[in-house]
Amino acid sequence: MQSVHLGPRPTAWLYATFLPLLFLPEWLEFFELWFQGTIYGHGFLVLGASLYLLFKVRCALYNLAPNPSGIGFLSLLLVSLVMLIAKSADIKTLRLLCLPFLMASWGWAIYGPRFLKLAGVPIGLLIFASPIWDDMSPIFQAITVFVNSLLLQVVGIPADIHELYITIPAGTFFVAGGCSGVRYLMVGLFLAPLYGFLYLPGYKRSLILTVFAALLSMLANWIRVFGIIVIGHVTDMQSSIIEDHEAFGWLTFLAICLVPLFFIARRLEPEANNPTPLELRIQSAVDQEATPLGSRSLSYRAALLASVIVLLVPVTFYSQTVIFEDSNNDWSPSLPVAGEQWRGPLRFATIWSPSFVNPDISAAGTYVSEQLQQVQFQIEAYRQQKQGKELIYYKNNLYDEAEWSLLDQSMVSAPRQNGFGIDRVKETQLVSLEDGRSVLLWSWYRLGDLASASRIEIKLYGGLRGLSGRSNGSFLAIAAECEGRESPDCTEARQSLIRFMSETEYSQ
């Protein structure tokens, strides 16, 4: 067996310091996500498990002979490009998701597939603590409601199901995002590959264990929600578990998922499991021939090229930000000039107002037609987008939830002939919580020559456009008040919006 020198190689130093420092903002966002979010509170456990596994295979990773992979470099290029676009568009979910793939691709490009066999799972565990899972909550909420409707029928508890609301004689339950079971699913999916990497040979058994983990995690959540509803039914909604069921949920997860999963995992282990599959993989890598000098030189060149590819991501992003930081200061979109059939803009807004964070320009005006139709035009614009000052931002809301309630929302076609260059708009109907009046809104975004109501399209286009430093953009909306309070009729309001768009020219 070859003797193993445990001192760090230059490539190891690059991997241990270069990548974390280069993407420090992403790591800090990970830590903030794990520290503040209840759904991702297990993130530090995932990070600890990932570091532990990497520590276990450190000798094998050190002893890997360089084997530059063309597919690995292609993967690194693609992931780096996606990361660059995500950073430019500030798509947090995509940025954080790219980080483990970037780390794995970097090692794959230099050391080939053997690196993935040793470090792929430890690095990949971070996916189960990345902020992609809560976006799946609506799907799992709907599944949870459907399953519980069946369970309630089986036990004979009468229930009225309306969307995410489950009403029984004792009261009403709302299946919120936290009831979707996504956090239990994440924990189960994290534990399965962790156990498989340590104790199961090959990938087939680990995949089987992962499937069982997913099914048992969802089953545990369905039973948890069902149990809470039954408790509410039996106690006439008087039990404290109705309001505070955090501990009840984890105990259910332990009994329904973790305990059975442990026995399944033990059954999947081979009878003679000493040494373990992980120990065999480590020993196989350690027993490789010593790296020849020529290969070491190749390793350095491959590491340098891979590092340059990764380095281009933050360098390109930050250089563009600095170079074009003040390039949009002269950009000042304003309210449109009224057409011949309209008067305005009158500098007041009485119909509705959005809630946007730190816009550079916020303007509203009311236009009145010859038939006394009233339409409000609203613009919220950003000259230079940056953290906390963004066009597409979770704190930017179409309406203040303390003042308005959503009645309906959908995508509709804009008038074929209009002066705003938009084909489809988002139509939203709101009702005032104060006086019961309803308003109809048409809204969309504009980035340069692109006008779209799709947040995803605007984000992606904004990322590509941001590579040239142009991050200015605006949110546009028109609004009209509907007739009636109890049963509002928005037919006339919709006609007012159609006429305004058809008879008004607008450019930024």
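Quick reminder: no glycine exception, Cβ is built from N, Cα and C everywhere.
Segment annotation: TrEMBL labels transmembrane segment over residues 38-55 (candidates 38-55, 92-109). Nonlocal intrachain contacts for the transmembrane segment (181-200), taken as residues 6+ away from its ends with a CB within less than 8 angstroms of a stretch CB, comprise 38-42, 46, 49, 53, 121-122, 124-125, 128-129, 133-134, 136-137, 140, 144, 206, 209-210, 212-214, 216-218, 220-222, 224, 249, 253, 257-258, 261, 265, 268-269, 273, 276-278. Counting Cβ pairs under 8 Å that are 6 or more residues apart, the transmembrane segment (67-86) and the transmembrane segment (298-318) reach 3 or more and are in contact. With a threshold of 8 Å between CB atoms, the same-chain residues lying at least 6 positions outside the transmembrane segment (115-133) that come near it are 30, 33-34, 37, 39-40, 42-43, 46-47, 49-51, 53-54, 57, 60-61, 64, 92-93, 96-97, 99-100, 103-104, 107-108, 182-183, 185-187, 189-190, 193-194, 196-197, 281-282, 285. For the transmembrane segment (247-265), the neighbouring stretch richest in Cβ pairs under 8 Å, chosen from 140-161, 207-235, 298-318, is 207-235. Residues 167-169, 175-177, 179-182, 185, 218, 221-222, 225-226, 229-230, 233 of the same chain lie 6+ residues outside the transmembrane segment (140-161) yet bring a C-beta within less than 8 angstroms of a C-beta in it. Using a Cβ-Cβ cut-off under 8 Å and counting only residues 6 or more beyond its ends in the same chain, the transmembrane segment (38-55) has close neighbours at 30, 61, 119, 121-123, 125-126, 128-129, 131, 133-134, 178, 182-183, 186-187, 190, 194, 197-198.
Mean predicted confidence for the domain 'Methanolan biosynthesis EpsI' (308-503): the pLDDT average there is 85.
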